[in-house]
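Trainee: Dropping a structure here in structure tokens format, bear with me for questions.
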Amino acid sequence: MSGIGWQTLSLSLALVLSILNKVAPHACPAQCSCSGSTVDCHGLALRIVPRNIPRNTERLDLNGNNITRITKTDFAGLRHLRILQLMENKISTIERGAFHDLKELERLRLNRNNLQLFPELLFLGTAKLYRLDLSENQIQAIPRKAFRGAVDIKNLQLDYNQISCIEDGAFRALRDLEVLTLNNNNITRLSVASFNHMPKLRTFRLHSNNLYCDCHLAWLSDWLRQRPRVGLYTQCMGPSHLRGHNVAEVQKREFVCSDEEEGHQSFMAPSCSVLHCPIACTCSNNIVDCRGKGLTEIPTNLPETITEIRLEQNSIRVIPPGAFSPYKKLRRLDLSNNQISELAPDAFQGLRSLNSLVLYGNKITELPKSLFEGLFSLQLLLLNANKINCLRVDAFQDLHNLNLLSLYDNKLQTVAKGTFSALRAIQTMHLAQNPFICDCHLKWLADYLHTNPIETSGARCTSPRRLANKRIGQIKSKKFRCSGTEDYRSKLSGDCFADLACPEKCRCEGTTVDCSNQKLNKIPDHIPQYTAELRLNNNEFTVLEATGIFKKLPQLRKINLSNNKITDIEEGAFEGASGVNEILLTSNRLENVQHKMFKGLESLKTLMLRSNRISCVGNDSFTGLGSVRLLSLYDNQITTVAPGAFGTLHSLSTLNLLANPFNCNCHLAWLGEWLRRKRIVTGNPRCQKPYFLKEIPIQDVAIQDFTCDDGNDDNSCSPLSRCPSECTCLDTVVRCSNKGLKVLPKGIPRDVTELYLDGNQFTLVP
């Protein structure tokens, strides 16, 4: 090939790589396939909507999965989405605001799910939606504001549900509707104004319902006769003498009511609020009672007029954002004896009438900032029998009317001064059964309880030893002293993690510091020292430098460095990370792995090196990683593995070598026997060379078939010569012209940009 040809090829490759680099930030969700602006995740048995959907997505296929809930954050930021396919899942709940960001949405399919109710104003942000399929669900009612905001809908399918109530005005905004299917439901009555505002309606199906043809439905007969091409086969199901008659054929005089009903000819569709009661619960007198029903999540779309919700003795784990915000009249909320471990900061937002909140007997460890903000009417707050280990100083700042606060039986070691200052009406407080450290930082509490003898449960000190088991309210102030160790411990336990300074551009929640998707090229300074999980994925790292940052993070257990551009890890980069047990380096640009890269990771159990460019695994690549149990080298460019490469991984129980182009020559013979003996490999890594072994599992190849015949002696683990002996090399240019060569010379540098082979004796293209 001529020099010009190679230069052209080099330029083309550079251009392709440039384009790929620009596309890379639009990562495709795991398991899904992406093409252009289409993301296809159908039929993958997904239980939740996958994360990291590219922001430029215009079509998203999620049909045929096992998704049960659509949260308000699942589609956040997808402002270009036009087509959303959610049919054939198990969706029973859609949170308010779930489609708020979908400003360009045109088609939405939710058919064949388990929807019983959907929130009012769900489609408020989808002004361009023109096709909506909700058929084959279990929808019972269509509330008045169901389609508010979706003014452009032309095709609405609601057939094969259990609809028995359509509130007056439910379809009022749909003036451009052309297709409406309501067949195969439980509809008995419709208000006279239901369809009068649809001048473009050309397809209308109402058959197979329970229409009761009394005086209130006489209007429908006239309406259908005026439109002979729509509403075909719409029949009466009652009264008995009209059963089976086509509504359009029944005469006006036959639509009769009892004497008592005659005076109410102008029938108005009833409120559907009675139908908003979850199937497992009972609803009466504005009380929703769901006690002991095995619920795993908060029921949604309850009657907005409720004043009390009883959800105790269930298996609820998470209280999502705005879970109760629609219920402005709520006065009492009981969530005791569940499994709650996660509370959204705005879980109780807007509950200005709430006076009783019961949360005892759960697994709450921390109260998010602003959790009780705006609860000005609250008088009773029971947080006992949880695992709360810290209180923010402003946790109760709006609870001016609180009478009783129970923090009994938690994990509090200290309470910051001023935490109870806003509780002007407090009469009773329970603080016992907490492991209080009675040092100088808790002196204020003793003074507070001396002045305000409201603590009635007998709160006692656990440490230091000199004050152990003594009642806090009875200890003299001078006894509360700090030694160095106690001072450090109490300072840590008295602060909640989210209150501490978070690095710029990062997000901090609990012990997780999330610095992903911020275009970072180095690890931020001042990572909180109690960080347990550090997320640095989806950034611009090229080299992981040895800065000593991990020496300052004694609690660190997991580091995520996936989806960067890392080509090298400096020796000592992980120095000090002795407690880390999981590192994710998936989707980077590492070409080799050396033991010096992982120095300091004595406790590492999981090492993910998927989707890099590794070509060789040497016999010292993983030296010092004796605790590693899971090692993934999936989807690299590995052609060979040096004997003994995994010998130092004494704890290894899972090894993934799939999707690599293994060259099954004499250098790989040892691996087949090793795989058969160890039985720890995932799947069946296969040979790709030589040709007669292509796609055969390595462990199935006979030892005598691992040969280096016919010039197949490549070993990517051997040091590469700088230049073939037959050629001359200058920088990245290799000249082998007019050398009488019959085969391609060995030892051509991997970084070659120009290769001259003209004037030789090749009979086949090398």
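Glycine is treated like the rest: Cβ placed from N, Cα and C.
Residues annotated as domain 'LRRNT' in Swiss-Prot: 31-55. Here Swiss-Prot flags 209-259 as domain 'LRRCT 1'. As annotated by Swiss-Prot, domain 'LRRNT 2' applies to 268-304. Positions annotated as domain 'LRRCT 2' by Swiss-Prot: 434-484. Residues or ranges marked as domain 'LRRNT 3' in Swiss-Prot: 493-529. Positions annotated as domain 'LRRCT 3' by Swiss-Prot: 660-710. As annotated by Swiss-Prot, domain 'LRRNT 4' applies to 714-750. Per Swiss-Prot, N-linked glycosylation site is recorded for Asn66, Asn186, Asn560, Asn619, and the stated evidence type is sequence analysis. The feature repeat 'LRR 5' is assigned by Swiss-Prot to 152-173. According to Swiss-Prot, the feature repeat 'LRR 6' maps to 176-197. The repeat 'LRR 7' annotation in Swiss-Prot covers 305-326. Under the heading repeat 'LRR 10', Swiss-Prot lists 377-398. What Swiss-Prot lists as repeat 'LRR 15' is 603-624. The repeat 'LRR 16' annotation in Swiss-Prot covers 627-648.
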Trainee: Output, ordered by sequence, the same-chain residues six or more apart from Asn619 (N-linked glycosylation site) with a CB under 8 Å from its CB, or 'none'.
Mentor: Ala642, Pro643, Gly644, Ala645, Gly647
Trainee: Over the repeat 'LRR 7' (305-326), what does the predicted model average in pLDDT?
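Mentor: Averaged over the repeat 'LRR 7' (305-326), the predicted model reaches a pLDDT of 92.
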Trainee: Quick one, of the glycosylation sites Asn66, Asn560, which Cβ has the fewest other Cβ within 10 Å?
Mentor: Asn66
Trainee: Just to be sure I understand, if DSSP states are collapsed into helix, strand and coil, how many residues of the repeat 'LRR 5' (152-173) fall in each?
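Mentor: DSSP composition of the repeat 'LRR 5' (152-173): 0 helix, 5 strand, 17 coil.
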Trainee: DSSP on Asn186 (N-linked glycosylation site), three-state: which is it?
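Mentor: DSSP assigns Asn186 (N-linked glycosylation site) to coil.
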Trainee: Quick one: pull the CA-CA distance for Asn66 (N-linked glycosylation site) versus Asn186 (N-linked glycosylation site), whole Å only.
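Mentor: Distance (Cα to Cα, whole Å): 27 Å.
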Trainee: Tell me which residues of the chain lie with their Cβ under 8 angstroms from that of Asn186 (N-linked glycosylation site), as long as they are six or more apart in sequence?
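Mentor: Long-range Cβ contacts: Gln162, Ile163, Ser164, Asn209, Asn210.
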Trainee: Taking helix as H, G and I and strand as E and B in DSSP, count the residues of the repeat 'LRR 10' (377-398) in helix, strand and coil.
Mentor: 0 helix, 4 strand, 18 coil
Trainee: What does DSSP assign Asn619 (N-linked glycosylation site), in three states?
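Mentor: Assignment for Asn619 (N-linked glycosylation site) reads coil.
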Trainee: When DSSP states are grouped into helix, strand and coil, how many residues of the domain 'LRRNT 4' (714-750) land in each?
Mentor: 0 helix, 6 strand, 31 coil
Trainee: Quick check: in three-state DSSP terms, what is Asn560 (N-linked glycosylation site)?
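Mentor: It is in a strand.
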Trainee: Can you break down the repeat 'LRR 7' (305-326) into helix, strand and coil residue counts using DSSP?
Mentor: 0 helix, 5 strand, 17 coil
